[in-house]
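Taken from TrEMBL as is:
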TRANSMEM  15-38  transmembrane segment
DOMAIN    16-149  domain 'EamA'
TRANSMEM  44-64  transmembrane segment
TRANSMEM  76-99  transmembrane segment
TRANSMEM  105-126  transmembrane segment
TRANSMEM  133-153  transmembrane segment
TRANSMEM  159-177  transmembrane segment
DOMAIN    159-285  domain 'EamA'
TRANSMEM  189-207  transmembrane segment
TRANSMEM  213-234  transmembrane segment
TRANSMEM  246-266  transmembrane segment
TRANSMEM  272-290  transmembrane segment
Amino acid sequence: MTALSETLPHASRRAWAMGLMIVSSVGISFGGLVIRAIEAADVWQINFYRSIALVVMVVTIMALRHGRSTMARTRGIGRPGLLAGLMLAGAGICFLQSITSTTVANTLFMLSAIPFFTAALARVFLGERLMRATVMAMCAAAVGIGVMVSGGIGAGSLYGNLMGLLTALCFSCYAIIVRRHRGIEMLPALIVSGSTIIVIALVLRWGDLAIPLRDIMLCFLLGGILSGLANALFIAASKHLGGAELTLFMLLEFALGPVWVWLFIAETPTKATIAGGAIVISSVTVRAGLELVNNRKRRKRGIQPPL
């Protein structure tokens, strides 16, 4: 996955990276459906087993790709990788606090700020300028998220709302670190993230982590397959897309999540959810389509696309 730059023509990398982000977001959007299927586990138990599966998946991927050099690659993340892992763990922990302290609508609305936080940080720390098409897609997607949650936004809990914003900020910092150090193998940062959450869950819930086998398997599906592969694709795409573009495509997760719940367990979404989701999906689709069109024009003119 990280060999994208070696196997594709230069002009195609950005389009392929966008494709990776779309696959990543579509995959992780099934997370809500999996969580709905979990019967007995609470949020900390879910994250404990999810994180175990995530760590196992990443270690397996590293071993298959790097063999005997796996440990050296893992140590090679250095301080940037450790910080990235801690930021991702912080995002996961703050998300838990937000979703259990305020409404789902409030939390999703706060998370829609991720592309904007990332764009600001990328401008300051990476010197990345936003393309007009990306700005328009970000604004349209934010409007879509606003429409989706319009019926459920309320005052909620100040603590929960702040945790939602902190989730967005932590993930944006994670995206910027991964993007800035894209020359480093950053997959081990996921091991740092998962291990951090495992330790915290053990401290907070020691002796209270037993759940039914069915729930454990669902948590493993959530962490090992959905989260593991989605994060691996995110890291691969970070080598070829700007920070704001990376996180823009993540908004697909919020739009598609209600669709899977509707299709598989007949939980009918509101009209606002359908309309807002359509706006988000359309904005991301148009942005990806424009990139394909621009790539064709660049090839004809012999112009190299931005990295």
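Using N, Cα and C of the backbone, Cβ positions are placed for all residues, glycine too.
Taking Cβ pairs closer than 8 Å, the transmembrane segment (105-126) reaches residues 95, 98-99, 138, 141-142, 145-146, 148-154, 156, 160-161, 164-165, 167-169, 171-173, 175-176, 179-180, 242-244, 246-248, 250-251, 254 in its own chain, all 6 or more past its ends. Of the two recorded stretches, the transmembrane segment (246-266) does not lie close to the transmembrane segment (189-207), with fewer than three CB pairs under 8 Å once pairs fewer than 6 apart in sequence are set aside. With pairs at least 6 apart in sequence, the transmembrane segment (133-153) and the transmembrane segment (213-234) have fewer than 3 Cβ pairs within the 8 Å limit; the two do not touch. Two recorded stretches are said to be in contact when at least 3 C-beta pairs lie under 8 angstroms, sequence spacing 6 or more; the transmembrane segment (15-38) and the transmembrane segment (133-153) fall short of this definition.
Within the same chain, residues 103-106, 108-109, 112, 115-116, 119, 242, 244-245, 248, 251, 254-255, 258, 270, 272-273, 275-284, 286-287, 290-291 sit at least 6 positions outside the transmembrane segment (133-153) and bring their C-beta atoms closer than 8 Å to a C-beta of that stretch. Counting residues 6+ beyond its ends, the transmembrane segment (159-177) has Cβ neighbours under 8 Å at 80, 83-84, 87-88, 90-91, 94-95, 97-103, 106-107, 109-111, 113-114, 117-118, 121-122, 125-126, 238, 243, 246-247 in the same chain. Counting Cβ pairs under 8 Å that are 6 or more residues apart, the transmembrane segment (44-64) and the transmembrane segment (189-207) reach 3 or more and are in contact. Among residues of the same chain six or more beyond the transmembrane segment (272-290), those with a C-beta under 8 A of the stretch's C-beta atoms are 15, 18-19, 22, 133-134, 136-137, 140-141, 143-151, 245, 248-249, 251-252, 254-256, 258-259. Note on the transmembrane segment (76-99): residues 43-44, 47, 106-107, 110-111, 159-161, 163-164, 166-167, 170-171, 173-174, 177-178, 180-181, 184-186, 188-197, 200, 231 of its chain, located 6 or more positions outside it, place their CB under 8 angstroms from a CB of the stretch.
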